[in-house]
């Protein structure tokens with residue numbers, strides 16, 4: 001039965017859903033990597049698709065930008081459609097010195113300036129972490145494909161245009177790999193509902209060094225990450 005934000009039918013989604021922020025990126029993934037593709041939802045142009053990858057059922061759906069948006073879609077996928085595994089796929093801005101453009105960053109944990117997980121956990125700090133089995137599978141797949149990978153803590157920011165740029169130096173000191181806007185929220189929802197979640201990111205820019213990928217390199221890096229994510233999805 002459709003939810004307020006997803007007009008798919010029961011059984012339309014696979015147990016594993018790959019989730020980019022951009023719904024057009026979800027469309028690109030479905031058309032480029034999946035076979036026997038069916039579009040299953042389009043409310044608010046937040047497109048979702050289900051198909052097969054190497055013969056196994058996989059879904060892909062956009063989640064929008066920021067923790068409030070992604071939390072709605074992840075909650076409804078798990079609670080209403082029985083999704084078991086959420087794999088966020090996106091980009092991040094690096095802050096640590098050893099993280100380079102085109103690296104793949106896998107979020108073992110996710111710090112945040114958002115209060116959503118404290119609200120969820122009665123005012124206490126909640127350690128927003130990835131599912132270990134998903135994490136291990138993704139790391140092994142990246143290494144098998146010789147994709148440069150960094151594993152560790154990311155930071156999910158509420159503000160894209162931060163008024164406190166000095167925070168990035170503090171992040172670097174504390175070993176944060178890079179900054180996104182969703183991982184901590186997705187990990188919190190998954191934990192709350194008993195599902196598994198992972199975040200896999202490409203490094204599109206380095207915040208402290210002012211480096212940015214060209215559009216061509218950005219696409220290549222995304223495709224490399226997608227192969228890691230898809231192999232993870234069918235090997236868990």
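Numbers run from 1 along the shown chain.
Note: Cβ is positioned from N, Cα and C throughout, glycine not excepted.
Source: prediction; values computed, not measured.
The active site, proton donor annotation in Swiss-Prot covers 205. Per Swiss-Prot, purine D-ribonucleoside binding site is recorded for 5, 180, 181, 182, 204, 205, and the stated evidence type is similarity to another entry. What Swiss-Prot records for 21, 25, 44, 88, 89, 90, 91 is phosphate binding site. Residues annotated as site 'Important for catalytic activity' in Swiss-Prot: 218.
Locations of recorded Swiss-Prot features on the structure.
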residue	record	Cβ contacts under 8 Å, 6 or more apart
5	purine D-ribonucleoside binding site	43, 44, 46, 72, 73, 76
21	phosphate binding site	62, 63, 64, 65, 70, 90, 181, 182
25	phosphate binding site	62, 222
89	phosphate binding site	18, 19, 20, 29, 200, 201, 225, 226, 229
91	phosphate binding site	180, 201, 202, 203, 204, 218, 222
Extent of the phosphate binding site in Å [max Cα distance among 21, 25, 44, 88, 89, 90, 91]: 23
Inter-residue Cα distance where the pair is residue 88 (phosphate binding site) and the residue listed as 'active site, proton donor', in Å: 18
Coarse DSSP state, helix versus strand versus coil, of residue 88 (phosphate binding site): strand
Recorded purine D-ribonucleoside site residues 5, 180, 181, 182, 204, 205, farthest C-alpha pair in Å: 32
Residue 181 (purine D-ribonucleoside binding site) in three-state DSSP notation: coil
Least Cβ-crowded entry, counting other Cβ within 10 Å, from the recorded positions listed as 44, 88, 218: 44
Among 180, 205 [recorded positions], residue with fewest other Cβ within 10 Å: 205
Most Cβ neighbours inside 10 Å, all chains, among the binding-site residues 90, 181, 182, 204: 182
Mapped DSSP class for residue 21 (phosphate binding site), helix or strand or coil: coil
